[in-house]
Amino acid sequence: MNIGVLALQGDVREHLSALAECDALARPVRRPEELDAVDALVIPGGESTTMSNLAITFGLLEPVRKRIAGGMPVYGSCAGMIMLATTVLDGRPDQESFAGIDMTVRRNAFGRQVDSFEADVAVDGVAGGDFHAVFIRAPWVEEVGPEVTVLGRVTSGPAAGRIVAVRQGNLLATAFHPELTGDLRVHRYFVELVRRAADDAR
Ligand code: GLN
């Protein structure tokens with residue numbers, strides 16, 4: 001079982017080491033051939049407009065969309081969540097996404113005064129209580145389609161109640177960055193999801 005980390009831009013290294021700590025084989029994916037060689041993909045945090053441009057330049061936009069349509073498990077954090085959304089608000093007009101999760105996300109939603117902040121998030125299915133989550137110019141989810149399960153909401157502060165973690169089938173997304181805090185629960189949850197998807201395919 002090989003998990004790729006989309007390595008066009010963003011905090012690729014942090015995801016690679018979080019996955020390695022979960023005993024998953026993880027490798028960077030920059031080219032379509034590298035995508036073919038992985039069973040699942042993580043889309044890191046970074047900047048979604050830049051990631052969109054680079055995905056087009058590196059010929060990865062359509063290949064990733066196809067793999068998603070074929071059931072490949074994908075986890076996106078922050079910019080990665082934006083890249084997984086079917087609808088992006090406050091994006092650049094030419095911004096593309098891989099889509100996959102039937103949701104509307106708003107970029108930089110928490111506002112300029114809280115560019116970066118930490119808050120507790122309750123995440124369903126991730127054991128051990130609330131998640132201490134780091135948000136950096138993060139999106140939030142404004143609307144989800146009927147196939148989407150809301151896994152996590154901010155539990156306190158001005159953004160309380162905002163949706164920040166979702167799952168649709170094999171696709172998982174968080175507005176925050178578990179790869180930056182050393183809390184491996186979300187990565188473990190994803191690795192488990194990838195294992196189950198691989199078992200089901202057998
Ligand atoms: N604001 C960024 C974007 O629009 C996301 C920020 C992040 O990934 N930390 O892509």
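Heads up, the Cβ atoms here are built off N, Cα and C, so glycines get one too.
Keep in mind that what you see is a predicted model, and the values were worked out from it rather than measured.
According to TrEMBL, the feature L-glutamine binding site maps to Gly46, Glu47, Ser48, Arg107, Ile136, Arg137. Secondary structure at Arg137 (L-glutamine binding site), as computed by DSSP, is coil.
Residues or ranges marked as active site, nucleophile by TrEMBL: Cys78. Packing around Cys78 (active site, nucleophile) is summarised by its Cβ count: 30 other Cβ atoms lie within 10 angstroms of its Cβ, all protein chains included.
Here TrEMBL flags His177 (among others) as active site, charge relay system. If you draw a 10 Å sphere around the CB of His177 (active site, charge relay system), it holds 22 other CB atoms from the protein chains shown.
With a 10 A radius on its CB, Glu179 (active site, charge relay system) counts 29 other CB atoms from all the protein chains. Annotated active site, charge relay system per TrEMBL: Glu179 (among others), in sequence order.
Put simply, the two farthest-apart Cα atoms among Gly46, Glu47, Ser48, Arg107, Ile136, Arg137, the recorded binders of L-glutamine, are 13 Å from each other.
Put simply, His177 (active site, charge relay system) is 13 Å from Glu47 (L-glutamine binding site) when counted between their Cα atoms. Closest by Cα distance to Glu179 (active site, charge relay system), from the binding-site residues Ser48, Arg107, Ile136, Arg137, is Ile136. Mapped onto three states, the DSSP output places His177 (active site, charge relay system) in coil. Under 6 Å, Cβ to nearest atom of ligand 1: this is the test, and of the recorded positions Gly46, Ser48, Cys78, Glu179 it is passed by Gly46, Ser48, Cys78.
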